[in-house]
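Q: Supplied in structure tokens, the structure appears directly below.
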Amino acid sequence: MELISKALEAVRRYPLCDSCLGRLFALMGYGIENRERGQAIKTILHMAAVSDYRKGKDVTADLIALAKCHLPTRRFLAGVGIRVDEERCYICGDLMEGVEKYAEMAVEQLRGLDFVSFAVGSTLPEELLEKEAEVVKSLLVTTGESVKHEVNRRIGKELLRRLSDKRVDKLRPNVVVNVDLVSGQVKVVRNPILIGGRYLKLGRKIAQAKRFGNVRTTLLEKLAYLRDTFGGEDHVIHVSGREDSDARMLGSGRPLVVEVKQPLRYTAQVAPFRDKDVIFLPVGFTDRNEVRRLKEKAKTDIKLYRVLVLSESPLKQDDLSKLSALSGATVTQYTPRRIKRLHPRKKRVRMVYDVAWRLVSPHVFELYIRCQGGLYVKEFVHGDGGRTAPNVAELLNTRLEVLELDVLYIE
């Protein structure tokens, strides 16, 4: 039988523990742990060699090789006057014995965490991995399992036994148990919770994340209740684009993801939030892919703005009719002067799809601008000293000031 001959070749070359021998043939059989498989293989090799020895065949070398990693064979040889010392496993150095002890260490660290799912990761000595690769290559074995996979699987299996109400999730686990077989340490990593939703800003002077100037509060501060709900150490927000702190965000709101870092509770319920300044409507839990999608989507979103504008010169309806020329315009903008200190001089090109207007008084009018995401709307109105072209002020031949800015809708 090829398995037996291959196993005999393995023990002739290397002293292997039950796990490391059994792992070479992990794909042969089902529902058998590598230790059990290795024990069974050694038992068969032992029985065959002892039988041949008693028949007078010269199998002493095979018995000695097997005895280095098999107690019954050592005892048999001792009975016929041949002493063989036990040797460490060539691959793992006997590290595979009792790896389940790390599950016990992990359970202690997991105590007090309210979680549902976990995954196991491991760090193994480089020499161990090199020796495993050497053995597999020299024996031309194609039926094996990697030692790293076995370590993770066995520890995960023991954790499931001890934590019967939890489940393994290799894609999006709440926590990751990292086992370092080099140092003998276990570290539990609490993965962040990502909550998707939409927010509306009903007031002005509200920044997204940082307080500056005359900002009254921030969206980040308003959403701190989510950090507290999940017992997190910190929280950050990932937003699809941004509006100025003095602009309202109306309509159906702007998409965002709230990231709660180092949470203690993964099963809490997410409640919506509302006060006089901000509304947050949670959609559900999400992942990093959604964060990346938000960032990309912000570049192509189409937005509808309402702008209340003050004109230095009096205007008539006929004057505003000139603005129809801006519908379908391609606008070139350099980094606005108001944020130039924060960003290098950079050119961007954005589309203005539609422009509508309403004259409120000779010096005040409303603009409705439907445009590509990323357009600096204030600069599109007043021109920013020629850094944005074309612009509304240039077309009306007057100085303009933005009094109010609202994002009405994001398509």
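Positions of Cβ are set from backbone N, Cα and C atoms, glycine also.
Heads up, here are the entries from Swiss-Prot:
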- ASP244: active site, nucleophile (ACT_SITE)
- TYR305, TYR376: substrate binding site (BINDING)
- 65-192: domain 'THUMP' (DOMAIN)
Q: Mean pLDDT, the domain 'THUMP' (65-192)?
A: 96
Q: Compute the C-alpha separation of ASP244 (active site, nucleophile) from TYR305 (substrate binding site), stating it in Å without decimals.
A: 12
Q: What does DSSP give as the helix, strand and coil breakdown of the domain 'THUMP' (65-192)?
A: 52 helix, 22 strand, 54 coil
Q: Count the Cβ atoms, other than its own, that fall within 10 Å of the Cβ of TYR305 (substrate binding site), considering every protein chain shown.
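A: A count of 21.
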Q: Any idea what DSSP makes of TYR376 (substrate binding site), helix, strand or coil?
A: coil
Q: For TYR376 (substrate binding site), which residues in the same chain are close in space, meaning a Cβ under 8 Å from its Cβ, but six or more apart along the sequence?
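A: Set apart from TYR376 (substrate binding site) by at least 6 residues yet with Cβ under 8 Å, we have GLN333, PRO336, ASP384, THR388.
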Q: Per DSSP, the residue listed as 'active site, nucleophile' is which: helix, strand or coil?
A: coil
Q: Please work out the number of neighbouring Cβ atoms within 10 Å of the Cβ of ASP244 (active site, nucleophile), leaving out its own Cβ.
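A: Excluding its own Cβ, the number within 10 Å is 19.
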